[in-house]
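Worksheet: one structure, shown below.
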Amino acid sequence: MIRILIVEDEEPIANLIRMNLTRAGYQCEIAPDGELAADRIENQSYDLILLDIMLPKLDGYEVLEYAMAVDIPVIFLTAMGETSQKVKGLKLGAEDYIAKPFEIQELLARVEAVLRRCRKTDRRLHFLDIDIDTDSRTVQKQGKPVDLTVKEYELLLLFLRNKNRALYREVIYENVWGGEYSGVGRTVDLHVQRLKKKLGLEDHITAIYKVGYRLTV
Ligand code: CA
């Protein structure tokens with residue numbers, strides 16, 4: 001299981017992030033100040049750290065040094081409009097930043113992207129009779145290989161990492177195809193249909209009116 005440390009002194013924000021990441025299948029812990037964060041980083045193992053900058057005791061830039069010493073990727077949570085903060089964070093070695101306040105979907109997408117980039121995602125995923133090996137990018141159903149296109153494969157991973165969550169068409173599009181979703185065209189729908197058919201997921205991937213799709217467990 002992927003472990004994420006949330007370093008944030010504003011309790012409602014920390015709790016909101018934890019709730020959503022937990023729902024998405026991540027294991028989360030919160031550190032409410034920089035010193036506790038440094039302690040945790042030194043004594044436990046994490047796959048990713050979400051790091052606020054203005055923190056009691058040690059600030060985010062100082063905590064970043066602890067994270068980098070043990071090679072844990074960091075996403076900074078920056079205050080809105082603080083361009084200097086994000087530039088400094090990225091220069092010092094953070095993988096990404098998210099400006100507060102942020103949409104939860106954006107947070108999840110960025111977490112997912114950084115984990116993938118840093119190869120911290122689970123290498124083997126399993127759902128019903130489907131097995132995915134993300135090292136070899138192979139998919140099997142009932143032990144037999146299934147050929148998926150690159151986009152179908154990305155789509156499948158997105159669904160599996162967001163079980164029971166409503167995925168907006170634009171989020172699906174941005175994650176799988178990259179770039180802005182124009183709101184027109186049936187690309188997403190056609191690919192979802194083909195994926196469902198290939199893997200027999202007709203009963204598990206459901207359309208949500210005016211929103212998108214959800215993989216239900
Ligand atoms: Ca703060």
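These residue numbers are counts, starting from 1, taken along the chain as shown.
Positions of Cβ are set from backbone N, Cα and C atoms, glycine also.
Small disclaimer: the values here were computed from a predicted structure and weren't measured.
Taken straight from TrEMBL:
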DNA_BIND  122-217  DNA-binding region
DOMAIN    3-115  domain 'Response regulatory'
DOMAIN    122-217  domain 'OmpR/PhoB-type'
MOD_RES   Asp52  4-aspartylphosphate
Take the domain 'Response regulatory' (3-115) and count its residues per DSSP category (helix H/G/I, strand E/B, coil), listing them in that order.
-> 55 helix, 26 strand, 32 coil
Around the residue listed as '4-aspartylphosphate', which residues of its chain at least 6 apart sit with Cβ under 8 Å of its Cβ?
-> Val7, Glu8, Asp9, Glu10, Gly60, Phe76, Leu77
In this predicted model, the domain 'Response regulatory' (3-115) has a mean pLDDT of 91
Looking only at the DNA-binding region (122-217), what are its DSSP counts of helix, strand and coil residues?
-> 32 helix, 26 strand, 38 coil
